[in-house]
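Input: a single structure, listed below in structure tokens.
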């Protein structure tokens, strides 16, 4: 009996320990203009550290570049602050409350992910703090009636059909197996692809995040013998999954979406070759972003990562507002809602739900150990 | 429920399940042995395993395993196996010395040792997760960059191994899965015989039965406890090696879920019982795979723990139920 008690206490203590590790956030002060600032701040909201830091970095740097360029010849320097949510929906609400409490903060680039956007959206809407996400693509985010919500890229309702179209028309797959990771983002996207492909879907499975052994899923795939596998999820699982699928004998096309478009996916080495990645993010080879890409590389010593250009566009909208003398949230919100100008990635204009009026989805492929653009999916 | 799929693919699902179950079993040994001797759950054992996976990864990186093949690759893998065992054994011994021995000496309640173990587990995991910062403090970040970068994301050695598959009676089998199962079961049999027949093994069993009488008979309890941790560490090192052969990817928190599963396997088989750990691990691995096939992979953990509850309801001491001390010689 005593033994059982020890177990119970152990499990309880373990659970407590687990929940404790979720704390410990860092909030970095910006390093924007320190001289002659006029107490106006823009913020990044998303993962700066943590598991998804790799996806947050280009967004931070794209925003940073836009603000630095603006500050160079502005009398009124804009300060850049970062709210590091680690990409976690659990962290987001408290951080959003903190952001809402800072009255000099009048625009947020982010939240970066769909899960944290859903968790923090109410707080931003109540505070009237306008947000423009350069990367959260779950379609339902726009249906919450948050007038502060804006999205600088196409959502999964546009990315999903584009992925399905690519699988049908370009990969010419007659049989497709659809896998998702049960996340807000992955399950939503996989659902759309599944619906669009209809009869072509020969099977589905749902994995768990942080899972490492996918043998049951692999057996399901090899049993169904599909021409292509679509995976809705992030790169951490995709990297291991594609390796095990290839080892299991799957030799069709592996198709994934923007959550996998990260250099870490290339860790899968040969198994990653030929993978198709769809993304509403503009390739840096497009002429429109060439100048941005050159500036970015000069500043940070690396080519712009996924969503750097979208983040740059999002920050530019806010900066244009500040340039016109906007210095409070209500005016900024109105300014963003009525914005209509050419950005580097697309024509920047939002409909009444905050969705972009102009949407492009691009295909990328893994070739020779690099992610290379294949062109726009039209 | 997809019974047809399960029956059509039963051999494949069983073999891949056994392979992962064998890894659970090897890690479960560490929990079970320490429990048998000290009646204490070593929750930091999952980190002993995690450090082993990194020892393997770093060895392969340092010896440039990605470009080696044939005999050279095998030599690198053998070196990686020994270093993984060495690393895990070292971490287990350090744990015993730092987190347990001072408490046991002072006759602290079991609960205190449990908290100490959980604390040690977090310290070890975060130390690995922050290794880039640690290297920075030590001024070694330039030299060690390949080894400490990406401290909080997956670290992969994919592409080092070819994993040929072959057909046995129409069933496609991965060579790695076979190696994992054979190696793990082989190690378990060896260990079982060691504990049953050797002088040290008798000492371990005697201490498990009655530490005071054992020490009167000339068994050094401190040394016996050390040996127990050492063996658990070596087994976790082997598990780490086999895990990396199969999954090829690790990260600083990889031990957590695997540790919980291995602990479950130990309880399932009867904690404190070596053969129980093997049985529990294999059953858990197969049940997870069959369950994933029947209900969908998202139910994998639910199935594992429902199974645990059901078995404990019927047999509260686990399947084999005997303690380490009562093992028949």
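The backbone N, Cα and C atoms fix where each Cβ goes, glycine too.
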Looking at the ranges B:227-245, B:246-264, B:265-283, which is given as transmembrane segment in TrEMBL? B:227-245
Among B:168-191, B:192-215, TrEMBL lists transmembrane segment at B:168-191
Looking only at residues six or more beyond either end of the transmembrane segment (B:20-41), which have a C-beta under 8 A from one in the stretch? 48-49, 92, 100, 104, 110, 113-114, 117, 180-181, 183-185, 187-188, 191, 204, 207-208, 224-225, 228-229, 231-233, 235-236, 238-239, 242-243, 246, 258-259, 261-263, 265-266, 269, 271-274, 276-278, 280-286, 288-289, 323-325
Given a Cβ distance threshold of under 8 angstroms, which distant residues of the chain, six or more beyond its ends, lie next to the transmembrane segment (B:302-321)? 261, 264, 267-271, 273, 275-276, 279-280, 283-284, 287-288, 291-292, 295
